[in-house]
Amino acid sequence: MNTTAIYPGTFDPITFGHLDIITRATKIFDSITIAISNNFKKKPIFNLKERIELTRIATLHLKNVKKILGFNDLLANLAKKEKSHVLIRGVRTIFDFDYEIKLAAINKQIYPELESVFLLSSKEVSFISSSFVKEIARYKGNIKPYLPKEVHFALLKKLNFYKK
Ligand code: COA
């Protein structure tokens, strides 16, 4: 059976934390679709098109990443539309669990065939979040350890710290 799993998130921007989960997921599933939520309520710094492009560049080396799409819908409806019944979520610490349990339950209620699969973040990246990285960048701290090279440049450029 050919299984496509969806890895959803806001990816504002994609970090080594996300890449850790995506890379490991590509070894489990035949095909990965990365679904990038518009998520206006989070007031993303990168627009959806930019987040898709940065994610595309950051995952070029991963053959099983077959599709990267933006969405503005319920995640469960998107999974149904994409004919996928597996959702991947990364769990960094115990504090992520509460939210993830609720999200998985809601998604299952909307689309009962949908299974949420949780991968534990590797400990080296388990403290990363996109917000932390953006905050460090705003104060001109070193964000190199957290982001792929192109994403690092794009964030500095977005914050007007780097002009080509
Ligand atoms: N390593 C490092 N960081 C990680 C990570 C990992 N493995 N996994 C997540 N993160 C970070 C992200 O950088 C993000 O940081 P931030 O909050 O500082 O930006 C945070 O953890 C959570 O991000 P993410 O996994 O992208 O989830 P999200 O909460 O931003 O988005 C959606 C979750 C898109 C799946 C959810 O909002 C959604 O389903 N939206 C569609 C509407 C819907 O169906 N809602 C549910 C029913 S009401």
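Cβ atoms are placed via backbone N, Cα and C, with glycine included.
Copied over from TrEMBL, here are the features:
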| type | residues | note |
| --- | --- | --- |
| DOMAIN | 6-135 | domain 'Cytidyltransferase-like' |
| BINDING | T10, K42, L75, R89 | substrate binding site |
| BINDING | T10, F11, H18, G90, V91, R92, E100, V125, S126, F127, I128, S129, S130, S131 | ATP binding site |
| SITE | H18 | site 'Transition state stabilizer' |
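Mapped onto this structure are the features recorded in TrEMBL.
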| residue | record | CB count, 10 Å |
| --- | --- | --- |
| T10 | substrate binding site | 19 |
| H18 | ATP binding site | 24 |
| K42 | substrate binding site | 12 |
| L75 | substrate binding site | 19 |
| R89 | substrate binding site | 19 |
| V91 | ATP binding site | 16 |
| E100 | ATP binding site | 15 |
| S126 | ATP binding site | 15 |
| I128 | ATP binding site | 19 |
| S130 | ATP binding site | 24 |
Of R89, V91, E100, the binding-site residues listed, which put a C-beta under 6 Å from ligand 1? Please answer none if none do.
none
Based on Cα coordinates, which of the following binding-site residues are within 10 Å of E100 (ATP binding site): K42, L75, R89?
R89
Under DSSP, is L75 (substrate binding site) part of a helix or a strand, or is it coil?
helix
Largest pairwise Cα distance, Å, within the listed ATP binders T10, F11, H18, G90, V91, R92, E100, V125, S126, F127, I128, S129, S130, S131?
18
To the nearest Å, how far is the Cα of I128 (ATP binding site) from the Cα of L75 (substrate binding site)?
23
Considering Cα atoms only, can you say which of H18, V91, S126, S130 is the nearest neighbour of K42 (substrate binding site) among these binding-site residues?
S130
